């Protein structure tokens, strides 16, 4: 039997999972690390914390599985996307804490770029919008704010990497400075049509080319780990950003297949095949994966509040003590009430992209109580997913010819109530997989594919296992009434926006 180690480096913790060659899990290790908030809207990580927690969990998972380095056929890496690290090419010392994807410190830089009219060019080349979320403006901030950084970068003394790239550099003992196309596509510097770093974008954002890593396929030879780390060298054969890795772990290899991951927020990706689809509905166009030099593209939409709406019920209102209570409580709601929660606690994500809005409840009556609030909170996740679903169908020209298949993962999918309501509102089946560790599985698959122990994508897809399919059971009239009410609630909230 062969084994693959998947490194899943997330925003709040690092995880390592050992998969057997039959895709079953042999061991899991997890370690949380500190978050740093030095100013309002700023979020940072210590690069050494990212590295030490990754190394510790990798060692623990291998030991827990009763294995040694020579038993591991390959390592796959998946990571929090867009987070930026700059480090010294010789010493490996980071010049600053990592700036995390959630960080908003470059808002003014982004506003200036927009006001100067650069967004159409950036969107055309990268598929992204100008937003502090992405890596490019974070790199510029570090070069300009850390004393001497820009001069050092111009002299070729510094390296940039997203978290995957930084971990790869550390794992290989500083021998390999590389990333994959999915991570590169989130930087604002990578042309998703040519598959290259773009000179015009580098000049626009004032980023020296010498900082940037080599861009490889998602399943490729990324070198080997330093033999001193695990008691022997292990080949590193796969890399993908976390949402793309989940898309792969869900075996969404065919155009029209969509995965939606429900955690604190929600990220949905729709495979659109070999041609990038331009969005007219404020979705992102991104690279789903790159295999054998061939890029597969996706439309991506993000929802800021999904599971955090349930956390609000628990921590903010105190009407539940555990997330699992939400569905049964929602079941007790008064069916004659139409309460809508628009959970814009930190603004609305796709397809609205309005950071200024704040949450609101609509349809309250004297009889509205905890059950109705639980009902509204869970339904809000389904309504927001419907908005993404509708935007993707509108953007993708083949939507009428192909049935979109939705596969879900993440902690919130444990709620049967929510998944059934999602199927009802979409009027489409919702598939929950047997293996919930889809992000790590995607990284493991990419590594195992390159190492020759996992099959080609189609065969892997054939082996994908369904745990439960939720089928729509709501009447068309009820669905239409509910969606009309949601649209009215969103319009009502949008009307409160007075601009910046």
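The backbone N, Cα and C atoms fix where each Cβ goes, and this holds for glycine too.
In the record from Swiss-Prot, residues 11, 15, 264, 411 bind ADP; the candidate from 307, 363, 369 listed for the same site is 307.
Among the candidates 133, 166, 297, the residue that Swiss-Prot names alongside 81, 82, 242, 243 for the glycerol site is 133. Cβ neighbours of residue 242 (sn-glycerol 3-phosphate binding site) (same chain, under 8 Å, six or more residues apart in sequence): 8, 10, 78, 79, 80, 81, 439.
The sn-glycerol 3-phosphate site is defined by 11, 81, 82, 133, 242, and by the 8 Å test on Cβ atoms against their centroid, the other residues of the chain that qualify are 79, 80, 83, 100, 101, 186, 241, 243. Cα distances from residue 133 (sn-glycerol 3-phosphate binding site) to the binding-site residues 12, 13, 15, 243 are smallest for 243. Here the Cα atom of residue 307 (ATP binding site) is found 17 Å from that of residue 243 (glycerol binding site). The Cβ neighbour count for residue 411 (ATP binding site), using a 10 Å radius and every protein chain shown, is 15. Neighbours of residue 264 (ATP binding site), defined as other CB atoms within 10 A of its CB across all chains, total 18. Cβ-based crowding with a 10 Å cutoff singles out 243 as the top-ranked of the binding-site residues 11, 12, 13, 243.
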